[in-house]
């Protein structure tokens, strides 16, 4: 709840080696700074004479720090509603410290982020005085840009002709969209995402058609979403089943045989990779990519290597440019603590990609979040074809 002491939250602190734990500590510090800042003397917006008369016994008579403290218990939606009631409240509810607090509080709990809504991490890590440099910084606009509810509302307000065009185009597509699925989350989790997909009644999995096989890879698995949208997933593992199982049992990383090293890197740069010929054939024919990331909070990552492999797979030299990529921020089960999807997006440097992407929180056991992600990438493919 807004206004609760962040230090009293139920989640236990992460061990010092956790990637997410370090930033989480910075976020909690940001929360504490908010409560300290509202206790300082601040200038309240000047209310008009009419507003003073109308609200003489209301919140406007309270000190501004008390007003902000009370406002922090409202939801962002309620704040926006309050701001529409008068000029005084329209200015007051835009307070940057208040909206920075909402960002710090809500951002880790949001289940998806995309290439249009990823916030700049620096504006959250730095003290507010360094971000604003004495000027007004619109944290309210940043919050609205990132908020999943706002994104859904914007999406639902698209012109109807766009949906009709996309639907008509889908009628003449001969083959269902094909996606290459890869990433450490396919192999490192205690619960197999692939086994959950294969047993899903909502997705109706069937074996791929033999005539559409790719040498050394297979034909993938065809699925049907909502009994109407068909798509095909080519599941790409880094190595053999035996080697993957051994690596998972020993908590080590198996040698990834999908890629060959072009240049050895160091701790800062990482290595550069290229895909092997069989994988290149996959990249040439797919309509998009599904990257399964291990989002369990205790996991240590080689972020630079993961980014380099994503870049190698999505190289536009192997297919059309602008193909979308869905990143499944995956954990085994609901009781496993996860790193927030926005943090994972930053660490994977997804803002450096030149094509649409979305990160979606997913649970391997229940497939929670998976259908939302698939629906997004199917819409992106249809939109691309319609253009």
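The backbone N, Cα and C atoms fix where each Cβ goes, glycine too.
Remember, it's a predicted structure, so these values are computed and weren't measured experimentally.
What Swiss-Prot records for 11 (among others) is phosphoserine, and it gives similarity to another entry as the kind of evidence.
Under the heading phosphoserine, Swiss-Prot lists 12 (among others), citing similarity to another entry as support.
Per Swiss-Prot, the feature phosphoserine maps to 48 (among others).
Averaged across the domain 'F-box' (56-102), the predicted model reaches a pLDDT of 88. What Swiss-Prot records for 56-102 is domain 'F-box', and it gives sequence analysis as the kind of evidence.
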Work out, from DSSP, the number of helix, strand and coil residues along the domain 'F-box' (56-102).
32 helix, 0 strand, 15 coil
